[in-house]
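What TrEMBL records for this protein:
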type	residues	note
DOMAIN	26-258	domain 'Orn/DAP/Arg decarboxylase 2 N-terminal'
MOD_RES	Lys47	N6-(pyridoxal phosphate)lysine
ACT_SITE	Cys324	active site, proton donor
Amino acid sequence: MTAKIADFLRDSRPATPCLVLDLDVVADNYRSLTTALPSARVFYAVKANPAPAILALLVEAGSSFDCASIPEIDMVLDAGATPDRISFGNTIKKESDVAAAFERGVRLFAFDCEAELDKISRAAPGSRVFCRILTSGEGAEWPLSRKFGCEPDMAEELLLAARFKGVEPYGVSFHVGSQQRDLAQYDAALEEVAGIFKSLSAKGLDLKMVNMGGGFATKYLVDIPTAEEYGRAIHESLLRHFGNRLPETIIEPGRGMVGNAGVIQSEVVLISRKSANDNRSWVYLDIGKFGGLAETMDEAIRYPIHSEHDGGETQDVILAGPTCDSADILYEHAGYQLPKALKIGDKVEIRAAGAYTTTYASNGFNGFAPLKEYYI
Ligand SMILES: Cc1ncc(COP(=O)(O)O)c(C=O)c1O
């Protein structure tokens, strides 16, 4: 937790649960990623956290933006970005939304099947299109496999067909899965993409761009590669597979841009046991799966949790949220321990919570308000 966040929590004593995010950390992350991958254009994945303060900072810093919907596009435009800095990267779009994006000046669109390509060619003629290929998602703590992308063979066919549909077949994209700590996954994906480039080049179509998506990790409980390590591995893979004909590259960091910048402060609502000889305490917080911690689904994302009792004797706990839904259990199998001294009314800090939290908070499930946010 940064000194700025600690000071804010101490001085302002905001009601909990709330997210406090240090914008200086976002600026640092942007600098690290652009330094590590100097030739890649950064398209911040707005879905990770679309707060106006973050978008304004990144507009000013020179970032471009990966948007999933018209409201995200409008937020980015409102923050001052021009439409040439926007990619409509969702592969699942209504045709009316493609048209609305086109009307706003967006000219870069993702697709992963013929029907989506047809929508773009009808509603956004002349635009640049890139085809997303499937990845295994192996190694990622929050995989994005199966649902998105197509097999490389199909990508080739669709990109060839795009030439005759009035759009510009511009490149190929992939996403190795979010919170991807295995750098070899980028290499495997780039090898496939290079194969597509080569094969299409032989058929007279020279693609220009590789969109390498996100995957850049945030430090939760275990160590992660540094931005330089991601950059070096990706650069080496690009050289290995593309030789001296390097394509334009794009990255779409979401989690890696904002995750470590935010802390959620929460209050312990209840601590209980289910029987006299129960060997684990249930610790119920004032935030759960429906309040912003949706990524605890299957205990996938494991947030570091701290309190003023850190360092004292600990005990095994099951952590849960405050709603009347038994799915609202955060960690039961992940082996969480919390200090024995922790008591009802204490505050806990859920760290590295700047990404994929505020927008996942439900709109009043059980009457609980969406997560409050402070950007400092
Ligand atoms: C198309 C696309 N790009 C980028 C991202 C951001 O990924 P990450 O948060 O792993 O950087 C996502 C996440 O869902 C995505 O769907």
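We number each residue from 1, going along the chain as drawn.
A Cβ is built for glycine as well, from the same backbone N, Cα and C atoms used for every other residue.
Computed from a predicted structure; not experimentally measured.
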Candidate with the highest Cβ count within 10 Å, taken from the recorded positions Lys47, Cys324: Lys47
Cα separation, Lys47 (N6-(pyridoxal phosphate)lysine) to the residue listed as 'active site, proton donor' (Å, whole number): 28
